[in-house]
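Q: According to Swiss-Prot, the ATP binding site annotation covers GLY109, TRP110, ALA111, GLY112, THR113, GLY114, LYS115, ASN116, on the basis of sequence analysis. The N-linked glycosylation site annotation in Swiss-Prot covers ASN64, ASN165. What Swiss-Prot records for 1-24 is signal peptide.
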Amino acid sequence: MLRAGWLRGAAALALLLAARVVAAFEPITVGLAIGAASAITGYLSYNDIYCRFAECCREERPLNASALKLDLEEKLFGQHLATEVIFKALTGFRNNKNPKKPLTLSLHGWAGTGKNFVSQIVAENLHPKGLKSNFVHLFVSTLHFPHEQKIKLYQDQLQKWIRGNVSACANSVFIFDEMDKLHPGIIDAIKPFLDYYEQVDGVSYRKAIFIFLSNAGGDLITKTALDFWRAGRKREDIQLKDLEPVLSVGVFNNKHSGLWHSGLIDKNLIDYFIPFLPLEYRHVKMCVRAEMRARGSAIDEDIVTRVAEEMTFFPRDEKIYSDKGCKTVQSRLDFH
């Protein structure tokens, strides 16, 4: 916006100067100068008007850090690690005018813990239309890459899709869901785009964002959470350093992670492995209340309790964590 404003000012100044020196130049020269300045002003005005009615990729659009922080803190429950890491990673990346590589996040945890929800929050804070934006691209492994015998075809298609869309918008976001169901080797096709290259075939990928969502590593995360609970320590005491190293190694060695022996891990191209902790009873109740508010319903604590108690919890003896997180809250609330 600052650049556009400066250009408009420059164009206006050019018109003013052209008018004041009209007597000192030939009529044709003056006409050309005024015409050029008018063309610049007209283009900028057209571009501004166009972007009011159609989605434009505005690279200079700043990230509203306060709005992002509020969304994460008020809408994501029981995930203090994810909230902190994602906020710092995104704000740091977007505040860097010259990043050396794309931002790559790998989100891990059992179903219903908030991974997809966070990717939606991130998309909406980066592009106003969120997941509906032309600059946000969602890949679902079982839908887009179902056949193991077509790995080479998928790799070629993936490279072309990413190259074309980053060429159109440097700030593109790519989300890969169900990474644990992705055939090994497919994701390595994007390795050149995640590396520290200034350009690849004339295209810079340094301002793009890649997000991987996976259930892989959920068992490792749960074990750590349980160890803390059994030791009488709060879940909020769990730090990223308690999980990230174990998570990266575990995913690398897991044949069903989508990142098995992947060059993305081997070459340290994934910036953060972000654990999503299993949700407790109190977090499920938070999800029920949030869903009620989203539906415009008054909060009925009796219903909140009944829905939460209908969920199943594990381990068998302690019954601490919801085995489906908050995934079935919406459908269960329909019965009340």
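Any Cβ shown, glycine's included, is placed from N, Cα and C.
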Q: Quick check on the recorded positions: of ASN64, THR113, ASN116, ASN165, whose CB has the lowest count of neighbouring CB atoms inside 10 Å?
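A: The recorded positions ASN64, THR113, ASN116, ASN165 were compared, and ASN64 has the fewest Cβ atoms within 10 Å.
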Q: Pop the Cα-Cα gap between ASN64 (N-linked glycosylation site) and TRP110 (ATP binding site) into the table, whole Å please.
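A: Rounded to the nearest whole number, the Cα-Cα distance is 29 Å.
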Q: Within 10 angstroms of the C-beta of ALA111 (ATP binding site), what count of other C-beta atoms is obtained when all protein chains are considered?
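A: Summing over all protein chains shown, ALA111 (ATP binding site) has 15 other Cβ atoms within 10 Å.
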Q: Please list residues from the chain of LYS115 (ATP binding site) whose Cβ is under 8 angstroms from its Cβ, counting only those at least six apart in sequence.
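A: Listed in sequence order, they are LEU107, HIS108, GLY109, LEU213, SER214, PHE276.
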Q: Could you round the CA separation between ASN64 (N-linked glycosylation site) and ASN116 (ATP binding site) to a whole angstrom and send it over?
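A: Rounded to a whole number, the Cα-Cα distance is 21 Å.
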